[in-house]
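Swiss-Prot lists 1-19 with the feature compositional bias 'Polar residues'. Positions annotated as compositional bias 'Basic and acidic residues' by Swiss-Prot: 86-108, 187-200, 264-281, 345-370. The annotation compositional bias 'Low complexity' is assigned in Swiss-Prot to 120-135, 295-344. As annotated by Swiss-Prot, region 'Disordered' applies to 1-43, 77-370, 422-450.
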Amino acid sequence: MSQQHTLPVTLPPTLSQELLKNVSPPADIQQEQRKQPTPLPAPCQKVLSELPVAVPSKHEEKHATPVKGLLEQECGQLQQQEPQEQEVHLAKHQELQELQEQELHLGKQPEPQEQELHLGKQQQQQESQEQELYLGKQPEPQDQELHLGKQQAPQEQELHLGKQPEPQEQELHLGKQPEPQDQELYLGKRLEPQEQELHLGKQQQQQESQEQELDLGKQPEPQDQELHLGKQQAPQEQELHLGKQPEPQEQELHLVKQQEPQDQELHLGKRLEPQEQELHLGKQQQPQEQKLHPGEAAAAGVTGAGPAASKAARRATGAGTAPGKAAAAAGATGAGTAATAPATAEERQKAESLEQQLEQEKAQREEQLKEQLEEKKRILDQQLDQEVAKRYEQLGVKKEQLLQPLGQQEGQLEKPVFVPAPGQVQDIQPPQPPKGEVLLPAEQQQEPEV
């Protein structure tokens, strides 16, 4: 209607006052409306601006009545819709703020049960790390970071994407925490304290057994030591039985000789057995030689015995110095020396003969080895010569095969081929007979054909 009629329309003062009055909003919106006054809707402003202020006439009032009714209806509808929309918008905004505050409050302050579970996890992780460090195993930090990253991932995704879950979903998300049994299974099936103690006990036992084996490997067993001492004491007892008593000076020299090889063996960290020591010295003395030479026999037999052997020797010498045994020894010395003199000469001869035999055997072996090496060298030289000759023959054959086609090509190149020019006449030469034949004239050659 307003578009069809171009006549000026004026509103009465009562209607203009009602339009200018502010609609009373709720208490929450009043503060915002005080700061920002609510403007009138756009169609109402346009109508007011377009309407001129003039004194209406009777004819104009008749035509303006339908237009006034339409404008009043439109402005009333707009004014009713605006506060409703504002209220709905504010209610939604308040709900969103409340949800955000609840989420932040729940995210910052977990319940006491959740805190206790979180502390329990940390304590278990610390205990497991300490146990692994004690056992020589260090957990990788990447696994821990991944485990923590998996827990933080959903919360960070929700905050980053702006997704705000409802309070019920948050409570369910926070309330879902694994029980201690599930935690133990997730952390790699941690051993119970009893099993851990057993595992540590086994490791300690293994270490102790290894240390004992090392100690035993360096030091001979007590049984071996006793046998070794028994072997050393036997010649001394034989000497006492024969009545020979070494002088104190010889004993001191004997002890000095014993201590020197012991120091050397300790410095090297290896103790040779009595047989190895005898081989190292290059002398193997029989028990009869030990009877005749008590000082040398004791030095050769007791080199690896240590302080225990020296103590036994001292005891034996102390026992031999008793007054009752001294007389018996003095009486038996004459008979013993006379009987052992020929035995020593025979033994020396045997030892010398053995040494000579060993030297001869060594020389024979060396000669045999030299002969074998020379024969092998000869055989290898012959084989090399044969191979070289074969290769030379093969090369000669190949050269001949290659040179034959080259000779044929050279012969063909030596015979020139003359091509006559277009203005020249080629001289036809008769064929020359081979050596020893004479050519007849052409007439005589044609006669036999006729």
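Using N, Cα and C of the backbone, Cβ positions are placed for all residues, glycine too.
Remember, predicted model here, so these are calculated numbers, not experimental data.
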By DSSP assignment, list the helix, strand and coil residue numbers for the compositional bias 'Basic and acidic residues' (86-108), in that order.
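Grouping H, G, I as helix and E, B as strand yields 23 helix, 0 strand, 0 coil.
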Can you break down the compositional bias 'Low complexity' (120-135) into helix, strand and coil residue counts using DSSP?
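Tallying H, G and I as helix, E and B as strand, the rest coil: 15 helix, 0 strand, 1 coil.
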Summarise the compositional bias 'Basic and acidic residues' (345-370) by DSSP state, stating how many residues are helix, strand and coil.
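Counts, helix then strand then coil: 26 helix, 0 strand, 0 coil.
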